Amino acid sequence: MSFLVENQLLALVVIMTVGLLLGRIKIFGFRLGVAAVLFVGLALSTIEPDISVPSLIYVVGLSLFVYTIGLEAGPGFFTSMKTTGLRNNALTLGAIIATTALAWALITVLNIDAASGAGMLTGALTNTPAMAAVVDALPSLIDDTGQLHLIAELPVVAYSLAYPLGVLIVILSIAIFSSVFKVDHNKEAEEAGVAVQELKGRRIRVTVADLPALENIPELLNLHVIVSRVERDGEQFIPLYGEHARIGDVLTVVGADEELNRAEKAIGELIDGDPYSNVELDYRRIFVSNTAVVGTPLSKLQPLFKDMLITRIRRGDTDLVASSDMTLQLGDRVRVVAPAEKLREATQLLGDSYKKLSDFNLLPLAAGLMIGVLVGMVEFPLPGGSSLKLGNAGGPLVVALLLGMINRTGKFVWQIPYGANLALRQLGITLFLAAIGTSAGAGFRSAISDPQSLTIIGFGALLTLFISITVLFVGHKLMKIPFGETAGILAGTQTHPAVLSYVSDASRNELPAMGYTSVYPLAMIAKILAAQTLLFLLI
């Protein structure tokens, strides 16, 4: 393998290619996915320890990965804190703290070295950034450069030993508990109001007096609908801001069937007829590519869309009913209702250009990463003279969460297109895993013949089993969280997309994704801090 030793770029792309290929192979209904890249890197560098990848590669990859996750999760994370987010995150934090305490007890009793013990915890919790944070923290604790080089391999080796069962046990736990609890995923989705429902339009004649302004009906009457058209005295028009319905008006109301039934009871009576038959008004799906309309609530955009109304937003594969507090993102596809001659103006306002979207501005991405790296360098002093910092994982993640929530600063749009986000995220984690895998090959080879390796594997599995049972039992049985959402919380607590993929395939609804996104950011930060704290307590 001398050709891989002599050419680091070739080594990197070979590891990435082989790893991604192996990650697509399904074994017992489960595939490793991008995590296979780590094991390919480990395998090659174990066979030939001189194979290496520049350390900068793993830093860049890690920062890209966590930053893009934070940007996407930011809006939903802070919004969820107003509803179920506090409950879900309390469960996650409690489970992580309890698991870290158990890890400290096991490591102390079994006399496992600190670096390996902290790496075992990160592998059991399947969190690569936390493992990287442990490696980052070692230089501040060890002065001897030669000793540091040897010890820096230990967390990576321990992580790689504990990681495989860290994924497998979580998936098996979810499957077993789902069977034991006799979970009906369809019933859960219906009760939670997240069952996949088609958006429709109905004509409702107003029979209730003193209704709120039409744009306030969803909020004040607690309805997930939007009034897209008003028919009065034989004429149909787009409701202006502040418009009130009159007795006898016919409203075209858009929403899911259940919400439309509730709207009918609150507003008036259903009448026959095609709500879209009027030739004066038309509608069109338009692609959002104009940064000028991104990140601003629809209520503030309304003056730009005179005689036009955005009624639906398709984000990813999900149709959403537009509301006044929603903001547009690059890549959204929106339905606009307007007089036919106004649709061209709507197209110009929203952009409707796939080409423009593909040429997204890299400046906000670079600036956000720069701020994140700087925040990660800030040291927080701890008792005993040591210090704690968020590092190259925590810093970009925290900053990205905030920027994702802010969305834009003046004309500076922090969000990046959905497709670009996913591509950069996949590239980032692949680069990181390839680089970190090759850095531990020599240590992994010696660990194979070391009896302590079995200790790391066994007790790492115990930690994974402990956190799985804690989250699933406490969440579903004691806190009465729907099982699909609880399983998503566990996937988010483990910060592992493969677990989420398994749960989503099994449930076929949005509950797992809701649980996952509500806890993922805080779980990522908590595990980074937990791993570093455990290391400081042990050394």
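Here the Cβ of each residue, glycine as well, is placed from N, Cα and C on the backbone.
Small disclaimer: the values here were computed from a predicted structure and weren't measured.
According to Swiss-Prot, the feature transmembrane segment maps to 4-22, 27-46, 56-78, 90-112, 155-177, 360-382, 422-444, 453-475, 516-538. The domain 'RCK C-terminal 1' annotation in Swiss-Prot covers 187-269. The domain 'RCK C-terminal 2' feature in Swiss-Prot is assigned to 271-352; the stated evidence is sequence analysis.
If you count C-beta pairs under 8 angstroms between the transmembrane segment (453-475) and each of 4-22, 56-78, 90-112, 155-177, 360-382, the highest count goes to 155-177. No contact links the transmembrane segment (90-112) to the transmembrane segment (4-22), because fewer than 3 Cβ pairs that are 6 or more residues apart lie under 8 A. Outside the transmembrane segment (516-538) by six or more residues, the chain places 66, 69-70, 73-74, 76-77, 80, 84-85, 88-89, 91-93, 96-97, 100, 103-104, 107-108, 114-115, 117-118, 121-122, 125, 127, 129-131, 133-134, 137-138, 141, 382, 384, 386, 388, 390-391, 393-394, 397-398, 401, 488-489, 491-495, 500 with a CB less than 8 A from a CB of the stretch. The domain 'RCK C-terminal 2' (271-352) scores a mean pLDDT of 85 in the predicted structure. Listed as Cβ neighbours of the transmembrane segment (360-382) (distance under 8 Å, sequence separation of 6 or more from its ends, same chain) are residues 63-64, 67, 71, 291, 330, 388-400, 403, 412-414, 416-417, 420, 424, 536.
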